[in-house]
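A.B. asks: Shown below is the structure under consideration.
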Amino acid sequence: MTATKPRGYTPGQLTVHADPPALHAVTRTLKGAGRRIALVPTMGALHDGHRELIRHARLAKGASVTVVSIFVNPLQFGPGEDLERYPRPLEADLEMCREEGVELVFTPGVEDMYPAGADTTVSPGALGDEMEGAVRPGHFAGVLTVVSKLFHVVAPDVAYFGEKDYQQLVLVRKMARDLDFPLDVVGVPTVREDDGVARSSRNAYLSAADRPRAAVLQEALRAGASVSAQGPEAVLAAARAVLAREPALELDYLELRDPDLRPDVRQGKARLLVAARLGTTRLIDNITVQLEI
Ligand code: AMP
C-alpha cells in the first residue's frame, strides 16, 4: 500500500463501498496524499442528468477522485410517496460509473446510514417549508440530513448538484455555509430530453399518454422567460397561460423568486420554478429569468 493507493482504492478502476468508515478511511488517505475529492450524491437509476454531474466532477480542475453515492434515502420520502417503487438498477448504474471513469461508488444500506436509534436530523430553516417543502413536509430535512452525513463520510472538497432540483441546490449551499462544511457546492445546468422535458428517474413512471404532456412545463417556463422585459407579473401570467392549456396537469406551484429563492423579486436575475402532477407522477422544473434592471 502506498499513500496514494490505500486499501479499497485502485486507480483507474471502480471500487464499490457500502461501509461508511471504510470509505472515509480511503478518502482521508487520498486527501492526505494531496488528492481532491469530488462527490456526486444520487439516488441511482442514473441517466444523462447524473452523467453530466459526473462529467463536471471528472473534468474539474486539479487532480480529483470522484465519488458517486447511490442511496435511496428513506428520510426524504413522505408517507404515500414512491420509496418502495423507486427504481434501483444497480448493475446498470455501476456500468455508467465505469464508463465515466468513476473510481469510488458508495452504496450504503439503510442500516449503514441510519443505525437503530439514529434520530438526529438537520433542520433546513424557513425555506425548507416553502414550495417543494410545502407540498412534501419533512422532505428537505431528510435531504439535508443525508447530504450532511455524506459530506462527513466522504469529506469532499467539492460536491455537484443539479439545477433541476433548484431548491435543493440552494438549501445544500446554504447548509454548507451555515454549518461550516469546508467544501464548494457546484450547480450543474439541467439536462433535458429532445422535447425539453428535464431528465428524471421519475419520468419512467409517466404513462404513454402523459409523457408528451410533460413538455408543457418547460414550454410554460420558456413562455414566462420570453416576456421578462415586461416585469414579474407578465412572466407569471405568460407561464400560467401555457400551463392552463393542459387540463391533465395539476399545478402545485408556480413561483418567481430571486436566485437565492427569496420572494418578491422585481428586477435583475430571477428563477421561475414550477411543480405539477400528471397522474400520479410529480414533475418539477425551473428556468433562469433576467428581469429588467
Ligand atoms: P437524484 O438521483 O434524483 O436524487 O438526483 C441526484 C442529483 O442529480 C441531484 O443533484 C439532481 O439535481 C441531479 N439531477 C437529476 N436530474 C438531473 C437533470 N436532468 N439534469 C441535471 N442534474 C440532474
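Using the three backbone atoms N, Cα and C, a Cβ is placed for every residue, glycine included.
TrEMBL lists 43-50, 162-165, VAL191, 199-202 with the feature ATP binding site. Under the heading active site, proton donor, TrEMBL lists HIS50. The beta-alanine binding site annotation in TrEMBL covers GLN76. Residues or ranges marked as (R)-pantoate binding site in TrEMBL: GLN76, GLN168.
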A.B. asks: Please report the distance from the Cα of GLU163 (ATP binding site) to the Cα of HIS50 (active site, proton donor), rounded to the nearest angstrom.
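C.D. replies: If we compare the Cα positions of GLU163 (ATP binding site) and HIS50 (active site, proton donor), the gap is 11 Å.
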A.B. asks: Using VAL191 (ATP binding site) as the reference point, find which of the recorded positions HIS50, GLN76, GLN168 has the shortest Cα-to-Cα distance to it.
C.D. replies: HIS50
A.B. asks: Given the recorded positions HIS50, GLN76, GLN168, which one's Cα is the least distant from that of SER201 (ATP binding site)?
C.D. replies: HIS50
A.B. asks: Quick one: what's DSSP say for GLY49 (ATP binding site), helix, strand or coil?
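C.D. replies: GLY49 (ATP binding site) sits in a helix per DSSP.
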A.B. asks: Taking only the binding-site residues GLY49, GLN76, VAL191, which have a CB closer than 6 angstroms to any atom that belongs to ligand 1?
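C.D. replies: The qualifying binding-site residues are GLY49, VAL191.
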A.B. asks: Name, in the order they occur in the sequence, the residues of the same chain whose CB lies under 8 A from the CB of GLN168 ((R)-pantoate binding site) and which sit 6 or more residues away.
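C.D. replies: The list for GLN168 ((R)-pantoate binding site) reads GLU132, PHE140, VAL143, PHE161, given in order along the sequence.
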A.B. asks: Counting every protein chain present, what is the number of Cβ atoms, excluding its own, within 10 Å of the Cβ of LEU46 (ATP binding site)?
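C.D. replies: Other Cβ atoms within 10 Å of LEU46 (ATP binding site): 24.
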A.B. asks: Between the Cα atoms of GLY49 (ATP binding site) and the residue listed as 'beta-alanine binding site', what distance do you get, rounded to the nearest Å?
C.D. replies: 20
A.B. asks: Could you state the whole-number distance in Å separating the C-alpha atoms of the residue listed as 'beta-alanine binding site' and LEU46 (ATP binding site)?
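C.D. replies: Answer for this pair: 18 Å between alpha carbons.
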A.B. asks: Taking only the Cα atoms, work out how far the residue listed as 'active site, proton donor' lies from MET43 (ATP binding site), in Å, as a whole number.
C.D. replies: 10
A.B. asks: Tell me the Cβ contacts of MET43 (ATP binding site) under 8 Å, same chain only and six or more apart in sequence, or just say none.
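C.D. replies: Result: ILE70, PHE71, VAL72, ASN73, TYR86, SER201.
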